[in-house]
Structure formats: C-alpha cells, structure tokens
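*Asks:* Pulled these from Swiss-Prot:
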| type | residues | note |
| --- | --- | --- |
| BINDING | L117, G121, H122, L123 | (6S)-5,6,7,8-tetrahydrofolate binding site |
| SITE | H225 | site 'Plays an important role in substrate specificity' |
| MOD_RES | K226 | N6-(pyridoxal phosphate)lysine |
Amino acid sequence: MSFLKTSDPAVYNAIMQETTRLKETIDLIASENYTSKAVLEAQGSVFTNKYAEGYPGKRYYAGCEYADAVEELAIDRAKTLFHAEHANVQPHSGAQANMAAYFAMVKPGDTIMGLTLSHGGHLTHGSKVNFTGKLYHVIEYGLNAETERIDYDNLEKLAMEHRPRMIVTGASAYPRILDFERFRAICDKVDAKLMVDIAHIAGLVAAGLHPSPVPYADVVTSTSHKTLRGPRGGFILCKEQYAKAIDQAVFPVMQGGPLMQVVAAKAVAFQEAMQPGFVTYQKKTLENTQVMAEELRKLGLRLVSGGTDNHLVLVDLSPIGVNGYDAQLALRRAGIVINRNTVPFAENQTANVPAGIRLGCPAATSRGFGPAEIRQTVGWIGKILKNIGNEDVEKQVLAEVIHLCRKFPVPGIDI
C-alpha cells in the first residue's frame, strides 16, 4: 500500500489500525469471516473501473467481454456449487438480493410470512422498520416457548388462516437445522411460494453439512461472505421458471451496474468452496461450535434451544444479571469481539440493550483455532462476564488474548 500511504495517510492509517485490530482480537461474530488473499486481490482488481450494466452478452456498454467472462464463471460456479438451475450474482448485498426476490415473487400489499426478528429472524423478513414491513402485509411466525425451536404446527395454522403469497425462512440468530421439507409442504397447502435466505448457513449448505433448500424453494438468497468466506455481497438462486423475473428484479429494477470487482471475487470464492479443504473447514467449524456450546454450559450459562446444530450459539444472559450491551463492550475491551442479540421470549429487553449475546466460530476456525483454543476463549468469556467492568481483569485477559492471537495468522493478511 505504498501509494495509498503517500496519497492519503488518513485512510492508510485507518486500514493499518483495522489490520492490527484483526490480528490482535478473537472474532466470534457469527456473520463475520476472513477471505483468502485471492479473494482480496480479485476485489481490488482493475474490474473496479468497468461499468457493465446488463448481463453477459447483453450489456449496455462496450468493452465488457472480460466482464462477461468473469460473471459467467461466477454464475456457472454458483449453479454447480449449490446444484441450482439459475443464479444471479449481481446483488450488492444480501438485503438487496432479498429485495429483488420479493419484487420478483410477490407484489406490494401481498401477505407474506417471516420469522419474527426477536426470535432469530432478519430485518428483511418482515420487520416493521424495513422495506418488507412497509410494502407487504406481514404475518410473523415464531418459536415454541418450550423448545425454542420454530413452531411448525403454529406456522402451518397461521398459514392456513392468512393464506400468504410467500413464506420466508432463514435466520440471523437461529442455532438449529431448518426443516425445508416441512416449509415446502406448508407452502403447498396454501399455494404460497417459498423463499429461503441462507446467508448465514451458505457455507454449510455448500459443504453438504446442512440440508439444502434448493430442491424445495422457489427462490434462495444469500450473502457471499459469512460461512462462505467470500467478499461482501449477495446472490440469488432460483428455478429456471423464475430466472427472467429474478434477473429483471435485480437489473433494472433494483440496481444499475454490478460491482464487477466483487463479482470477480465471488467467482473466486465459489471456486474455493468447491475444494475438499472447504468441507474440512466447515466440519471443523461445526466441531468448534459444539465445543463452545459445551464449555458455555459448563459455565452455567443458558443457551437458547439448549444448544446448536450449526455455526452459532445464542446465549441468554438474563439469569446471571448481565445484559448483552454491557457484555459486548466488556468483551471487546478484553479483545473478544461478539455481538449483543435479542433472546426469544425475554422480558425487559430492547434491540440496543438485549438480554443475550450471539457467538459463532467461522472466523476463529478460519484462523486455525481448534477445540483447545475455543475452550480457552470461552474460559476468558466466563471470566469477563463474572467481572463486568473490572478493568484489571479486562487488561489481563486482553494480554492473554493478544498472546494467543500471535500464534494464529489472519487469512489473507498474514501471508
């Protein structure tokens, strides 16, 4: 970065500070990960300069022959990786992929169903503050109060009563396997379309470690980062019969020109996900998450639904008298990066000061952490939670965290 250092020291310094932060902290945010050096190089390539409105072979600008080539690579690899009939790799984000899917599959004012945000859903699945809550008539479904898993029986009851045009599944904080076959059966009973957002679990699905929604869903949306370890962006998979509607919803309805440097990076990430090592990585992520859940239980902490089937755990801190906001700040000061999160059915919580925290192992596993390091990290978490606001404890843990982190290079950076 010699040119940037000279031309814009302020931005250069911010990047260097962020690099140091990445190296000296343990990232347990379930939606974050580290990309490879190859992905970073593709995203910083000369494709940044190219405008490519339209689709391969049908561009509105000249000079797109190589943009066509790289987008076709990304499309073909996404279709192969997820066994899909059609793929659109242009969405700038998961939220924009979702918006395009809505515009293609339903009309404003139609009834849709989505998992309520406080039960693990996502803003774009029907939240009142999101475009979905403003443009559509939303019926929320939730979890069973005893099992803290999706209440499929009540979901079916609500679907029969309200006859939605589309049911949305997928989550941002749900630690259990999603039953796509049951969702499909419910949709068929009410003649509804099924949209599945696999942003969090795309890597697990690609590796065959979580059931795939592709055989059941009319449309599947996702991000290309998180467990997939690609650049920040989105993509859409669908059945061929919806391909034209999906493509038109992305361009020209939702977006203009795609970010071709990001499309190139997506192509690289999809190729990386086809390698045997990617499956090994996902298996290690699941193993680490099981170890994390067990160690958290040993600390006496309550896990929502009692455990996890995927890459994340949701911890209810209310029994120990700590809120998620204070926990997030204290852990950050100690070099452990997590996010506060609402807990299903918890009382006296807000989005800003929720009752719990969400932890995940994708980034730590990418860095090379195994069960031993996860156990050590959970031990530090327990120490911080028992000593909220104790600066001496935070400084002690921070020093130990930095010492551990120096043994594990950050992918894409420490090479």
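A Cβ is built for glycine as well, from the same backbone N, Cα and C atoms used for every other residue.
Help me understand the surroundings of these features in the structure.
*Replies:* In this structure, H122 ((6S)-5,6,7,8-tetrahydrofolate binding site) belongs to neither helix nor strand by DSSP; it is coil.
H225 (site 'Plays an important role in substrate specificity'): 27 other CB atoms within 10 A of its CB, across all protein chains.
Following the DSSP three-state reduction, the secondary structure of K226 (N6-(pyridoxal phosphate)lysine) is helix.
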*Asks:* In Å, rounded, how far does the Cα of H122 ((6S)-5,6,7,8-tetrahydrofolate binding site) sit from the Cα of K226 (N6-(pyridoxal phosphate)lysine)?
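*Replies:* One finds 15 Å between the Cα atoms of these residues.
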*Asks:* Select the most exposed residue of L117, L123, where exposure means the fewest other Cβ atoms within 10 Å, treating these as the binding-site residues.
*Replies:* L123
*Asks:* Have a look around H122 ((6S)-5,6,7,8-tetrahydrofolate binding site) and count the other CB atoms within 10 A of its CB, chains all included.
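*Replies:* Neighbour count, Cβ to Cβ under the 10 Å cut-off: 24.
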*Asks:* What's the CA to CA span in angstrom from L123 ((6S)-5,6,7,8-tetrahydrofolate binding site) over to H225 (site 'Plays an important role in substrate specificity')?
*Replies:* 18
